[in-house]
Amino acid sequence: MALTPVQTLADVWAEALFLGLYLPTLFRCLRWLLWTDEGWKLRKKVDWTILIVTLLIAACILVDKAVSLQSKMQSLRPGIVPQPQRGGTVNAPNWVDIVICTVANMGILLADAVLIFRLWHVYGQSLRFVILPILLWLGAFACTILQAYWQTVQQRGIQTSWHPINTTVGPGPILAPFWASTLVLNLYATPMMAFRIWRVTKDSAADSASLQSIRFVMRVLIESGFMYVVVTLSHFVVWWTPNTYAIAVVAALNIPMTGIGFNLIIIRTSEKKAAEKLANQHLPTVSTSFKFTSHVKTSTIALEAEDPSATTSYSESTAI
């Protein structure tokens, strides 16, 4: 059922609000990725992987919101009559739906890919612990391709091609496994990373300052992961209700919250590193190693009070 003009305005307001919340975190995140801890001098060593992923997620969010907001505001203009549904298709979408769905899914997939990489790093680059997340990610990626294909088929009015079951509630047989996959992936990876870090700090004989830094990273992981899981779970659950208005509003929150959670991890860990560096400027260098062991490899993460690259490597590589 189509939204009323009042509901559409409320949906637009929610989209604009959360886009406004996302943009400051993006600018703050880019500040820590591109500039040094003190002042506005460009970093000599930039983590290009994280920077590129951050920009790609930002591009997905901005394209999604620009197209969505333009389409909804256009529908509110007087005299605009919705196009009739094509015969034989299931809720036939236009190019706006194709773009919105595809870029939103790609933004989620990018964040999940970084999450898998960080899980792999925390567990000593052992593939044994990331096999399940990789399979879930590949399944979600395949669902994204299938969804784009099917929406294109609907747009062209091709009636002889394969099409999903005509369901009245739920995201459909393509988007349902997509959201289920990304939800299970996050429910698996975030607690696994937090547990690994907790075990390392528990078994380590390191000084209390270093332990506090590692526990802070663990807390950031849990908080950001919890925020993402709550929004994604709400989005998945609301799809199974016949309330179109609720689906639209919760969907407006989903991808910006993904970007906010992704950016907050980089911001908070970078600010913590900068604060520790400033506090220890006049103290002797203290070097502590935490070893993440596995049956395959051993990775060592060094936290040095006078070496900002050490804490940068840890904080940006283990964030979800």
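Cβ atoms are placed via backbone N, Cα and C, with glycine included.
Annotated features, as they stand in TrEMBL:
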TRANSMEM  12-34  transmembrane segment
TRANSMEM  46-67  transmembrane segment
TRANSMEM  95-117  transmembrane segment
TRANSMEM  129-150  transmembrane segment
TRANSMEM  174-195  transmembrane segment
TRANSMEM  216-239  transmembrane segment
TRANSMEM  245-267  transmembrane segment
Seg_contact(the transmembrane segment (12-34), the transmembrane segment (216-239)) with at least 3 CB pairs under 8 angstroms, min sep 6: no
Long-range environment of the transmembrane segment (46-67) - Cβ separation under 8 angstroms, sequence gap at least 6: 15, 19, 22, 26, 29-30, 33-34, 96, 99-100, 103-104, 106-107, 110-111, 113-114, 255-256, 258-259, 262-263, 266, 312, 316
Closest-packing stretch to the transmembrane segment (245-267), where packing means Cβ pairs under 8 Å, from 95-117, 174-195, 216-239: 216-239
Chain residues outside the transmembrane segment (216-239) and at least six past its termini with a C-beta under 8 angstroms from it: 111, 169-171, 175-176, 179-180, 182-183, 186-187, 190-191, 193-194, 197-198, 201, 246-247, 250-251, 253-254, 257-258, 260-262, 264-265, 268-269, 272, 314-315, 318-320
